[in-house]
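In what follows, a structure is listed as structure tokens, so that the remarks can point back to it.
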Amino acid sequence: MLRMKFPKRYVIVLLTFICTNVCYIERVGFSIAYTIAADAIGVNQANKGMLLSMFYCGYVLSQIPGGLAAQRIGGRRVLLLSFIFWSLICGIIPLDPNRVTILVLSRLFVGVAQGFIFPAIHTVLAQWVPPQERSRSVSLTASGMYLGAACGMLFFPSLVKHMGPQSVFLVEAVLGVAWSVIWLKFSSDPPRTDLPKVAMPKVASRDKIKAQAGGIVAPRTVKIPWRRIIFSLPVWAIVVNNFAFHYALYVLMNWLPTYFEQGLQHSLQDMDSSKSVPYFNMFIFSNIGGVVADHLIKRRIMSVTNTRKVLNTIGFVVSAFALMALPLFSTPSGTVVCSAISLGFLALGRAGFAVNHMDVAPKFAGIVMGVSNTAGTVAGIVGVGLTGYILEVAKASNNDLTSSETWKIVFLVPAYLCIFSSVILFLFFQRVKSFSNKGGLFLPLRFFSFMVRQDSNTGISHVSVPLVKFQSPNCIPHMYKN
């Protein structure tokens with residue numbers, strides 16, 4: 001009997017998809033369980049925001065160290081160790097809102113542990129997935145986050161109602177340990193025979209390996225060009241958009257349960273499956289964005305740069321208007337529709353900014369991703385904490401949390417951030433391929449023109465002095481000649 005060979009890299013992609021799924025089940029599960037437990041004993045909104053933001057305080061500390069650890073000891077080992085660590089914490093820590101110190105420390109350490117996961121995933125995917133398959137693989141892996149959030153929102157309110165808040169921690173711990181066992185059994189470092197052959201001119205062995213890896217991992221002998229990264233306008237465009245994306249996502253993820261419970265006076269435990277629709281929408285739109293982007297680029301309907309800008313702008317602007325409309329509805333169904341549109345188009349926008357770190361710095365994509373993801377985590381700290389403070393100030397001013405005016409500013413802040421960040425990326429992002437020489441590229445941007453130059457040694461794109469024309473036709477990548 002003939003057996004169909006199933007490439008091992010597909011197994012790795014599937015496991016990383018499940019990995020992100022379980023991580024977001026944990027995040028949404030805690031916000032649901034803690035919100036119900038804290039409201040039951042009258043914890044104020046500022047303290048709730050402080051505790052919910054502690055996860056992101058730990059998360060931001062381990063972003064760049066996570067990338068460095070994955071590069072030194074391997075992403076496979078880092079994923080396993082971080083999963084075991086946060087799973088054990090969930091299994092042994094009691095969910096008691098009165099024991100604030102224990103909860104603060106536990107969320108801090110869970111955040112630190114999960115901060116290693118996404119840099120490790122990028123390292124693993126860079127080793128296993130060839131460039132021509134990477135866009136859809138990354139989109140599928142990222143969409144696991146939203147499917148996990150949807151599953152958490154769908155099942156945990158009922159679980160809390162029948163078995164109490166502590167049951168959420170136990171389920172999360174079991175899921176984490178189960179994934180760790182599966183990962184240990186089925187994952188491995190990639191043998192060269194499993195990598196698909198890539199047609200390319202004959203080059204030295206070391207250069208060929210780097211080319212097959214898509215240039216993601218820089219040689220150890222190359223010094224990380226921190227100055228060029230910090231002063232690169234395209235990099236800052238990615239950072240600003242990552243901040244806005246995660247500000248909106250984390251505010252909705254952590255405060256929607258409170259909005260349903262106190263703003264709409266409607267219990268999540270009594271709602272049907274519609275409460276999970278916003279996150280299922282993110283799962284669908286995230287994959288649609290990856291497929292549409294690949295189609296536009298492969299068929300040369302749009303250049304890579306224009307594809308990124310169009311999807312990012314459409315996603316963020318539509319999401320912003322949905323956020324503005326959200327507090328105008330006083331029914332659960334209207335809130336579900338607005339949040340579904342907002343989160344869905346926000347996920348569509350990931351096909352713009354979230355892939356750009358490979359465009360502007362192919363040799364240091366992991367480092368740029370770490371810097372960008374750090375900004376996204378800071379957005380979680382600021383957004384979740386600030387929202388709690390805004391609501392507590394509103395209560396002190398004798399504004400009822402059931403009033404739409406109280407919640408309007410909560411949703412307007414991420415809406416304005418989305419619009420602002422989409423304008424920044426539209427103006428300042430440009431994709432420049434690596435050049436064999438230190439060529440430059442002058443790209444007009446509406447009223448301004450900037451020279452986008454990519455250093456042949458570091459692969460970092462940066463914008464220098466304003467100019468108004470192309471330096472040489474030979475330095476224009478083919479996608480700009482279309």
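Glycine too: its Cβ is placed from the backbone N, Cα and C atoms.
Within the listed segments 334-353, 434-453, TrEMBL records transmembrane segment for the stretch 334-353. Contact between the transmembrane segment (168-186) and the transmembrane segment (78-95) holds: at least three of their C-beta pairs are under 8 Å, each pair 6 or more apart in sequence. Remark: the transmembrane segment (409-429) makes no contact with the transmembrane segment (137-156), by the rule of 3 or more CB pairs under 8 A.
Under 8 Å from some Cβ of the transmembrane segment (309-328) lie the Cβ atoms of residues 241, 244-245, 248, 289, 292-293, 302, 334-335, 338-339, 341-353, 404-405, 407-408, 410-412, 414-416, 418-419, 421-422, 425-426, 429, all in the same chain and six or more residues away from its ends.
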